[in-house]
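Engineer: Dumping what TrEMBL says about this protein:
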DOMAIN    A:68-150  domain 'GHMP kinase N-terminal'
BINDING   A:91, A:92, A:93, A:94, A:95, A:96, A:97, A:98, A:99, A:100, A:101  ATP binding site
DOMAIN    A:211-282  domain 'GHMP kinase C-terminal'
């Protein structure tokens, strides 16, 4: 019987100034999924590894498989039988788009299983549906970069308008995930409903600078634009030692450092892998100095999105 | 004695979503200035045409000449004698960067008069000083595009960070200036000091889309991004018939229509001069229908900035 194994990448949403509109994918970590066509109709989750029993084994409730039903309906294959094994290879609640990686892996794998009837653009709504099940809202700022790879701008949600951006070749990312819990809901609830116009203007100036920097491959401009004057001053209070960690990253050569998604992971962008490694170590040390353990993930900005392993 | 005549273009600031951070130059209208080296030290304004007596003939108070003093000091030519004639060729208080065109014409002309010792980047602070005299604040969103040409992003004011953006070849602009008065001060004072976070997010999504559209030469994306959900809903109340004029522009094929600067001029962007002409006429008619006369200016987006006429 036909079988595929697919990988989908972790993602950094918000990217400093781009709250709710920007995200990018990284080469690692990411989730893997195996899907096998079987005779018996229906979707069965055979196994999930790496989730410590936290994810639902019910395929209608699992973020990796919920959109597979819609996919099968779309291509007229409702009676297909599929066995699924999900390998969670990244932390939950880390601000690295864990549910998006699973949902994109699922959508990408089932498309491959049926010889890719849908384009990535056509798959996006399916993947967003998986995100809706996981988060209660169909956000796209993790799902879209996980699916497309690279940097992605969600210009608008209504109607959905997703724009792929250029990624300079040497752009690398150092993410450190401190072992503390920040719920996405809390991170959203502490935000103010209104922002000073002057801060909003600074923020959209930086969004403009970041996108111009990416398109023009101007690393200095990217670095100058990685500032968040609206969300970070509030959300960083949920991450002990954030200021020290950010300072350590700057000393180690980071172009810009900010909260990944709703946290608690802290990402830095820089030029080249060597520097990324140094920055990640500096951030791990800074968290350690205040008694917080952390994981580091160092990689290039991922340009390809999900891929087939076999 | 050496003599130059220079032109500097009108500019559209804000550009829908880019309040206080975006501007572009147009081929017409614009101001012209003549400068002549004379034996007698000091700067003399010999004549100003087209201003109906509204501008100061005192060179230390006139926006076109005030920065010339600083320029001469910078290059060590304080004792030079210069005779100036300014030709105002665009309306005052129109939202088209009238004072910026004069101040840029002055700075550009005196630089040319001394064989261009300063680059455009080095001239910017001088030109901003002229804007400060005219407006009370050293804004850059008209001055920078008037000086550099094309689309310009003012990412930050402190420190000043001005980014030149790509301009798609066929991008044209139709501006209509209704004969009503809107003071820049009033236009600023009616704005709210705080904006809803959700609106700010939509706005920076559109800023991102507009800049990506310019860099990627994606006209559709530029058009979709030309939306202002923060400032236009308030400022448009100062422009009678704004909604009808905008609707007329859309019917005539505009990609996007918004207030130029702080108004009352209304600009539209589109692809090609023929369409720009049609859009301008539609807007003139729409203003006329409610009894307001207007001027139209149709041109390509200017890529060169100021130029020497002789």
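The backbone N, Cα and C atoms fix where each Cβ goes, and this holds for glycine too.
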Engineer: Just give the helix, strand and coil counts over the domain 'GHMP kinase C-terminal' (A:211-282), going by DSSP.
Structural biologist: 39 helix, 10 strand, 23 coil
Engineer: Reduced to three states, what secondary structure does DSSP give residue A:99 (ATP binding site)?
Structural biologist: helix
Engineer: Considering the binding-site residues A:91, A:93, A:95, A:97, which residue's Cβ sits among the greatest number of other Cβ atoms within 10 Å?
Structural biologist: A:97
Engineer: Validating a neighbour-count step here. Other CB atoms within 10 A of the CB of residue A:99 (ATP binding site): how many?
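Structural biologist: Neighbour count, Cβ to Cβ under the 10 Å cut-off: 25.
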Engineer: Helix, strand or coil at residue A:91 (ATP binding site), per DSSP?
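Structural biologist: Its secondary structure by DSSP: coil.
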Engineer: Within 10 Å of the Cβ of residue A:101 (ATP binding site), how many other Cβ atoms are there?
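Structural biologist: Here the count is 30.
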Engineer: So how many of the residues in the domain 'GHMP kinase N-terminal' (A:68-150) end up helix, strand or coil by DSSP?
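Structural biologist: Helix, strand and coil residues of the domain 'GHMP kinase N-terminal' (A:68-150) number 45 helix, 7 strand, 31 coil.
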Engineer: Taking the centroid of the Cβ atoms of A:91, A:92, A:93, A:94, A:95, A:96, A:97, A:98, A:99, A:100, A:101 (ATP site), which other same-chain residues have Cβ within 8 Å of it?
Structural biologist: A:10, A:90, A:142, A:261
